[in-house]
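Working notes, beginning with the structure itself.
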Amino acid sequence: MEHNNSVNIVRGVDGLKKRKMSVWAIAFIIYCMTAAGAFGIEAMIPSCGPGMTIVILTVLPIVWVIPICLAVSELSAFMPEESGMYVWTKEAFGEAWGFCMGWWGSLSVYLGMASYVVLVVGYVEKFIDLSPTAAMCIKMGMVLIFTLVNLLGIKEVGIISTVFSAIILAAFALVTVVGFANWNYNPVSPFIPEGQGILESIGTGLCIGIWMYCGYAVVSNMAGEIENPKVIPKAFKIIIPIIALSYILPTLAGLCSLGNWQLWGIDTGNGGFDYASVLTSNIGKGWGVVFLICAIIAQCGIFNSYIAAGSRSFFVLGDDRLCPHFLTKLSKKRKIPYWPILILAAVTMMLMNLDFSMLLTIIAPLGLICYVVLAFVFVKMRRKYPVKNRGDVYYAKGGKVIEVYIVVCPILVGILALLVNGTEYFLIGFISIISGMVFYVIFKFFYGGMAKCDPKKYPLNEKTRLAKGDSVRIGIFFMLFGILLIIGGFFLNWYEGDYGAEYYMTMYGSGVMSDFKLMISIAKIGGLILTLGGTILYIVGKKKDPII
């Protein structure tokens, strides 16, 4: 921590004020970050079929959520640091990979926050006609209110999350009871849409399913402010089954009550169905309005929690001299990193009137790759710090079997989700992923990185002005992602080859994304260039700039 007595400025992670948080407070913060209701599943039902929807919602917690939560719980207990995923990755693989992890997580939050504001206005407009001025006032009001809440501290964020979670869960419990009480249809028939293959159904459903079950690692961003980090594993044990049931039961209840699975969706203006329709169809339109209010609360809950988590990563990067150092300033009384919170609010205001289709295409792969890398970090940390030497600190018990489970499942699911989302999603996603290493080099040049904080542990290579061994690390980075890009090019040519050219031309009309063959060529050639460049860097680095 640094002090400037003349202006009484407090900076850095060491200056953060730790707060005692209950298990339920953390559990509900996690709930608001990752779920806040089953909104979004409505679009999944017609795209992959009601039966497949229920299977995906049931299986993903086992092969995706639980492994990730076990890894986050163990690492949070062993190393309860602010911006945990960045710190763990830095400790495991060096500051270059650590920066990428922090960058990916922060970028996905900063670009995606405005979508929740837009969704709130969209829900309000379902029962109130809003002028452009009124819509803008609601958007700005939402940003300002929850920015102020976050400037108070994570304890206040936890209180708001607890209240919002209780309201949202009560609303979906009502949908479940009313739906099952009015059972008229088989909720899992048909299993997949007629004329659609199993692989295609899994692909379309997996995209939304992964999105519904993302965000579990974000709570680690605040671990350094939690006085009792042992509550994190306990909170996961409580909230994972609650989230899974809050998805599965209302969906089953809605399908068995209303049927018409092909009419379900997010936009219900033309006679479609959603969860609110279960209430309006069975107990009156007034209850549908109540449910819409709960939908607004849900988006506010997500927004509130993500300000808290998303603002911490750049704060820690600044403390490690991998971002502008002014981001490390803390408020005098509450010891809150106010600059990242205020900047996140400003970015949200700038982006909240844009079209989000492209932004979501950019940010979704960033979340996936974070979880894939987290699996490797988990293994490396266990090798570097064996659990038998950690004392009474929590760790996932089960020996090699649990290690394989925690590592293999997220890697397979994450890579599969990257591949089956679509060629444009895959290609643009890779550009955003590679941006992490590009900005690491830029920020390392400008701000010096960990060599300014701990030159013995993170020595500088005076010739490259990067950390010693970074030539090898960057070479491995480009080789890995180059190979994955090549594999993706061949896979997508097979997966979408029958309809890709027509689909992308119809979807985009002009430009790179309208040309399926061009995108496939870019993936293959770009992957080859990255692989060759990475190989050269690796070979040269092993001789001239080895990892020490």
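Cβ coordinates come from backbone N, Cα and C, glycine included.
According to TrEMBL, the protein carries these features:
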{"type": "TRANSMEM", "residues": "53-75", "note": "transmembrane segment"}
{"type": "TRANSMEM", "residues": "96-124", "note": "transmembrane segment"}
{"type": "TRANSMEM", "residues": "130-152", "note": "transmembrane segment"}
{"type": "TRANSMEM", "residues": "159-181", "note": "transmembrane segment"}
{"type": "TRANSMEM", "residues": "201-219", "note": "transmembrane segment"}
{"type": "TRANSMEM", "residues": "239-266", "note": "transmembrane segment"}
{"type": "TRANSMEM", "residues": "286-307", "note": "transmembrane segment"}
{"type": "TRANSMEM", "residues": "336-352", "note": "transmembrane segment"}
{"type": "TRANSMEM", "residues": "358-379", "note": "transmembrane segment"}
{"type": "TRANSMEM", "residues": "400-419", "note": "transmembrane segment"}
{"type": "TRANSMEM", "residues": "425-447", "note": "transmembrane segment"}
{"type": "TRANSMEM", "residues": "474-495", "note": "transmembrane segment"}
Interface-richest range of 96-124, 159-181, 400-419, 425-447, 474-495 toward the transmembrane segment (336-352), CB pairs under 8 Å: 96-124
Interface present between the transmembrane segment (425-447) and the transmembrane segment (53-75) (three or more C-beta pairs under 8 A): no
Residue numbers, six or more beyond the limits of the transmembrane segment (425-447), whose CB comes under 8 Å of its CB atoms: 95-96, 99-101, 103-104, 107, 317, 321-325, 358, 361-366, 368-369, 418-419, 465-467, 470, 474, 477-478, 481, 485, 488, 492, 519, 522-523, 526, 530
Among 159-181, 286-307, 400-419, 474-495, stretch most in contact with the transmembrane segment (130-152) (C-beta, under 8 angstroms): 286-307
For the transmembrane segment (400-419): best-contacting stretch of 159-181, 201-219, 286-307, by Cβ pairs under 8 Å: 201-219
Positions on the same chain near the transmembrane segment (159-181), where near means CB under 8 A and six or more residues out: 24-25, 28-29, 31-32, 36-38, 149, 242, 246, 249-250, 252-254, 256-258, 275, 278-279, 282-283, 287, 290-291, 294, 297-298, 300-301, 304-305
